[in-house]
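Taken from TrEMBL, the feature domain 'YjeF N-terminal' covers 20-209. Among the features that TrEMBL reports, (6S)-NADPHX binding site is placed at 63-67, 127-133, 152, 251, 310, 356, 419. Among the features that TrEMBL reports, K(+) binding site is placed at 64, 123, 155. As annotated by TrEMBL, domain 'YjeF C-terminal' applies to 217-477. What TrEMBL lists as AMP binding site is 389, 390, 391, 392, 393, 418.
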Ligand SMILES: NC(=O)C1=CN([C@@H]2O[C@H](COP(=O)(O)OP(=O)(O)OC[C@H]3O[C@@H](n4cnc5c(N)ncnc54)[C@H](OP(=O)(O)O)[C@@H]3O)[C@@H](O)[C@H]2O)[C@@H](O)CC1
Ligand SMILES: Nc1ncnc2c1ncn2[C@@H]1O[C@H](COP(=O)(O)OP(=O)(O)O)[C@@H](O)[C@H]1O
Ligand SMILES: [K+]
């Protein structure tokens, strides 16, 4: 079942600097109109969010500066007291230069004292074209400002990765042009952008349709979760099997309960025989198998497995290779990932891996560059879907697609929340969803259930609180408002 539709997903596209450059080239003939609209939309959005006040627009030499000169003109026409401080004038004859020449209002020096005196500073110094560390003069200028609104991205933020290149003062609001950038969602960028609002620049549909977007904000436009149907039966809903260990029962049970509560038709635990009683006592609902794994694998209906939560190294070694040899769809987490450290190729054939940053580094080495690129490389290397967990979770496919998930809550920062996620991924795989879509949907539903549970418990939840929110969370993901 393939449910990914590029057109539907375009609304949640996250634009990379390469995407915007390509776009700019394609609409070269209408770029003056687009910049005019960009500046006007910035001014409009500011007017929607603030009463008139003393505004200082800080402009750089590129198109971001061009947008700034236009915004200054509109606010001034509407009667706001506006001045412009130029960090560096645009190149003569450039589009930004044309916009700068149409600014007839006050110009003031680009110094911290001016920033300090303004009620609101608009950051139009650097945007998508920032290509080296932030000059110190820019750092000092914004550090003196009270309230900052950034056009597109705060100067110094790498829109592609969320990395900051210098001392970037947090903004009150960032106005993303056309669509957000990955850097608006990825830490540490996310913490300095303030509220992110998108300005619609009315880009022609044909140009938008041509965009080869590879990164999206995770949300229901990226996938379709099967809905309940009159002819449902448990095998149609999907069978999930979970390997349980001899010592840490809780982890496998969290995955088990999560898969059950999110709607899997049948969930079974396969555990060492001397641990079976403990599993049965812990969860009377559990179907606990003690037959050897080889035996369980003879049942073709059991094609989706969770391997890792609560498993020791030896247990992972005794289970994961067998599951893969039998051609099963495997969600590998926790113990399975620890076992594979130093022999990452042992994970080839796994459908989805769910490492947090510590597990990821043990598998793929210390992070160099961005998490987004690292997750994407890992997915391609193993030919598997990678869920790189954290406050912002990345879901990377081997073909380069990445969903960035911020639909979550810090209330999820509790041991066991990751085991719940493994059960959800398996349930959606068992329901027939393709691996990347199943993974992205599971992460979103996990976040939704976390938010709902946190709301009820003032933010302090235990993994069990998620279970009874999963039905409604799935429903919210299937039928978005
Ligand atoms: N399709 C869209 O989305 C649309 C986007 N639009 C807008 O265009 C913006 C992107 O514009 P842009 O490409 O001109 O880049 P921008 O950031 O203004 O700066 C480039 C200049 O800065 C310089 N420079 C860079 N880093 C530096 C540093 N650290 N320290 C010092 N200098 C540095 C760099 O120097 P150079 O590399 O040439 O030496 C060059 O001169 C985008 O964010 C959005 O606001 C809208 O107008 C229309 C539709
Ligand atoms: N600050 C946070 N904001 C949002 N989600 C978080 C945050 N911290 C952790 N999470 C989520 O909680 C889960 C924790 O998983 P993990 O670290 O594997 O825990 P465990 O293995 O103990 O179950 C992950 O899905 C992660 O994305
Ligand atoms: K900016």
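Glycine is treated like the rest: Cβ placed from N, Cα and C.
Fewest Cβ neighbours within 10 Å among the binding-site residues 128, 391: this applies to 391. With respect to residue 356 ((6S)-NADPHX binding site), the closest of these binding-site residues in Cα terms is 390, chosen from 390, 392, 393, 418. Of all Cβ atoms in the protein chains displayed, 31 besides its own lie within 10 Å of the Cβ of residue 152 ((6S)-NADPHX binding site). With a cut-off of under 6 Å between the Cβ and any atom of ligand 1, the binding-site residues 63, 131, 152, 390, 391, 392 reduce to 63, 131, 152. The highest number of surrounding Cβ atoms within 10 Å, among the binding-site residues 66, 390, 418, is found at 66. Rounded to a whole number, the distance between the Cα atoms of residue 123 (K(+) binding site) and residue 63 ((6S)-NADPHX binding site) is 12 Å. Within 10 Å of the C-beta of residue 155 (K(+) binding site) we count 30 further C-beta atoms, all protein chains included. DSSP classifies residue 393 (AMP binding site) as strand under the three-state reduction. Within 10 Å of the C-beta atom of residue 356 ((6S)-NADPHX binding site) sit 16 other C-beta atoms, taking all shown protein chains into account. Reported as a whole number, the C-alpha separation between residue 393 (AMP binding site) and residue 152 ((6S)-NADPHX binding site) equals 23 Å. Only 64, 123, of the binding-site residues 64, 123, 418, place a Cβ under 6 Å from an atom of ligand 3. Close to residue 155 (K(+) binding site), meaning Cα to Cα within 10 A, are the following binding-site residues out of 128, 392, 418: 128.
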